[in-house]
Amino acid sequence: VCCGYKLCHPC
């Protein structure tokens, strides 16, 4: 899952 600014990590 991608969230934040151009960062992909578990939300």
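Cβ coordinates are placed from backbone N, Cα and C, and glycine is handled just like the others.
What Swiss-Prot says about this protein:
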- Cys2-Cys11: disulfide bond (DISULFID)
- Cys3-Cys8: disulfide bond (DISULFID)
- Pro10: 4-hydroxyproline (MOD_RES)
Length of the line joining the Cα atoms of Cys3 (disulfide bond) and the residue listed as '4-hydroxyproline', in Å: 8
Local Cβ density at Cys2 (disulfide bond) - other Cβ atoms counted within 10 Å: 8
Protein Cβ atoms within 10 Å of Cys11 (disulfide bond), excluding its own: 7
